[in-house]
């Protein structure tokens, strides 16, 4: 059909109108040439459009789909360039040659093999997970959560610890005794310390301890399988107060460059706390070097997963890398040990103080609250507590091994709080009253001893570890209820005398590991496996406390006897070693220089022959590894359980502890009836 309007005017043919003939032309069966041309032009444009659209549509052959039985997988392909190299972004269209088809099959097989391998690995990991216990899985989940939180923190870089005021520090050096004879003895003890340190520096540097006869490093399972330099950390404060500053600097440099806690090592929570955290905190307070504070907090963070138990009572062991915890297999059906989970309070309070993180204080506060709710047979604390059930294990009570430092830390928590933590003091007093009633006896020869309570029966045996109690009784005499200060000071003196007898009745004048009071034998070891001396400090510790409170010269005399015996029978060319039989004139060495020999034994001896102005007890409290921590002399701060002077519990709970750097330390709410009765879990101001 024609469209006259589309034609140029010259191309139109206007018919001549003839009278009597219709003015409209008849219909034609054919098209004019110009009309054909226009139609062809339109048809060509339509064909071009169709072919263009076809070439620009996605080609389904660019991806090949195949089924592996698990899911459809899309395989992108890369076409080789002219030189046989793959150029990114170029696509192979399959089916264009045998070579491409062959290479495509190889790619498919390669991908199939990779997927099969990944699948097998996933199945193996799932099987390993299923073999693990529920507690292990929970610990791993908690550890992963902690890692995610740590990674988020690391994005912004490590955040410095908040500045906090340094507690009042008094008597961190000097302590000149004045008397030349006493000073000469003190210098001898200092020389012994230098011999022990130099030997370790030469033969065991970086190892946890030293084998002085073999002249090589040594470690035990309490430190795992890693070289964490336990002797270095444990000895730092002793070096500092003795004025061995070059040696102290060597230790500090090693810690700065080598002390790493991101190791796959299973360690004792208790031992790492008292030796490492206690040692690092003491070194920080004495020297003011920030590195010690930072390292202490870093290590403490690694111990927190140990508290991930149903009751909050920590595991005895924890892996520093994975956070998985467990208990000793021999400890009463997997129980935690009283002296271990009960010996955290001092260090953890200072960690909260220095870091501003309330978690440390909350952990130890929870332990105290849990124990306060439990029944105690005859008022005594058994040595074992199951962290899963919250029930006591065997009814075995001891003021020596397994129980000792729990009682010590009740008293010292009160002292460290500037005597405001009256809850701790009352718990201590109640425990000591039960111990006196059931465990303390006099032998036929008039020696006062502390036995062990086992299933309703008193075993008349006392361990070397128990000898610390003489010093504890003297330290806690001031503040005793019912005006019993004189009684407990006398009790401390009697224990000191008994422990001295255990030394004096041996050939070497060194005390055995344990001694009995029956069958006519008193303060003497009976079994061969109780006759050894491993450089322990507890007897000398009691001598020092008794000297500080009485200034009776016999305590210095007894201390000097022990010093001479150690130097004569335990000293070897490569350091100091324990002996296997204190009743033999030719003892065999155990070939171990314990880290606590430098941390405790030599420190207490040095203090015994120093003036009282060196680390005065009004300002310092020693942890159970003899690491001095300052009393928190802050008049406007009290610990929970202490006397509240002015604020109600609800108001005090909300307060910011500016000097401690703690905000929102507790989680109690105003609607918590239980917390209203038991007291807030936060540190609060008056």
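Using the three backbone atoms N, Cα and C, a Cβ is placed for every residue, glycine included.
Automated prediction, rather than curation, is the source of TrEMBL annotations.
Looking at 647-666, 667-686, the range annotated in TrEMBL as region 'Disordered' turns out to be 667-686. Checking TrEMBL for transmembrane segment across the ranges 37-57, 58-78 points to 37-57. The Cβ of residue 538 (active site) has 464, 465, 466, 467, 468, 499 as same-chain neighbours under 8 Å, each 6 or more residues away in sequence. The local packing around residue 467 (disulfide bond), expressed as other Cβ atoms within 10 Å of its Cβ over all shown chains, amounts to 30.
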